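Listed in TrEMBL:
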ACT_SITE  E106  active site, nucleophile
ACT_SITE  E110  active site, proton donor
DOMAIN    23-220  domain 'GH16'
CARBOHYD  N114  N-linked glycosylation site
SIGNAL    1-21  signal peptide
Amino acid sequence: MAMKGVLVAFVMINLSILANCGAPRKAIDVPFWNNYEPSWSSHHIKYLNGGTTAELLLDKSSGTGFQSKRSYLFGHFSMKMKLVGGDSAGVVTAFYLSSTNAEHDEIDFEFLGNRTGQPYILQTNVFTGGKGDREQRIYLWFDPTKDFHSYSVLWNTFQIVIFVDDVPIRVFKNSKDIGVKFPFNQPMKIYSSLWNADDWATRGGLEKTDWSGAPFTASYTSFHIDGCEAVTPQEVQVCNTNGMKWWDQKAFQDLDGPQYRKLQWVRQKFTIYNYCTDRKRYPTLPLECTRDRDL
């Protein structure tokens with residue numbers, strides 16, 4: 001009986017591992033200065049608790065931003081954010097990965113502020129070879145101004161997955177075999193910024209920023225980076241071919257069943273725009289949409 005109990009426990013543990021096999025490794029809380037540095041208007045960034053928290057400030061004179069110290073090709077990148085509260089119409093808070101070449105690759109989180117009482121809109125986009133136009137917009141299932149929540153990107157040679165907390169809200173599969181470019185050879189830095197975009201951000205620019213509420217503050221913590229550093233062509237080659245990192249393994253080549261069910265939950269309950277279903281804009285379904293199972 002004792003041996004039977006051990007075997008049952010072993011099976012249960014391994015079933016549990018399999019059920020969560022596609023979840024990224026737990027993010028590690030590290031201070032701002034470990035991985036990041038200001039990129040513009042550094043005097044509009046405040047550091048609290050020894051740099052474990054950073055506050056970005058926006059007023060009429062300027063917004064601000066920061067960037068990673070190094071560039072990466074594949075990995076898991078996340079940070080916890082608490083967005084501008086109150087009347088945030090016209091204000092955009094961004095967290096994104098981007099390469100620097102003309103035909104650049106980019107993976108975007110853009111949080112579009114709104115009038116008091118109206119929900120934030122989270123817009124995501126993926127650029128490959130300089131081509132974007134892959135916008136998706138959702139409402140979040142919580143108030144992102146009240147507490148810190150985790151926003152993260154898992155990027156490998158097989159897929160890009162965008163997570164809010166542990167929920168995948170978007171997947172972009174490697175579909176090079178059907179003619180869709182995929183970011184696999186351009187290292188990216190990680191950026192974040194807070195700025196005034198009232199010419200387009202809220203109701204297409206109809207709602208303007210109310211500066212009586214300034215300075216607007218977005219807070220950040222847990223500046224986690226677990227990526228393959230790549231600057232030189234040799235490092236790019238190593239990152240692209242080693243296959244030894246945890247994110248290269250089979251468990252992370254696709255979403256698992258529970259993750260796809262979470263993605264469908266987001267699509268059904270919270271999605272307000274998806275380029276894959278915009279037949280006016282795309283009379284022919286973009287090639288990647290069916291493979292991404294993101295309709």
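Glycine residues also receive a Cβ, built from the backbone N, Cα and C atoms like all the rest.
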Which residues does the residue listed as 'N-linked glycosylation site' neighbour through Cβ under 8 Å, counting only same-chain ones at least six apart?
S88, A89, Y120, I121, T202, E207
For the domain 'GH16' (23-220), provide the mean pLDDT of the predicted model.
96
Filtered by Cβ under 8 Å and at least 6 apart in sequence, the residues in the chain of E106 (active site, nucleophile) near it are Y96, L97, S98, S99, N125, V126, F127, G132, M188
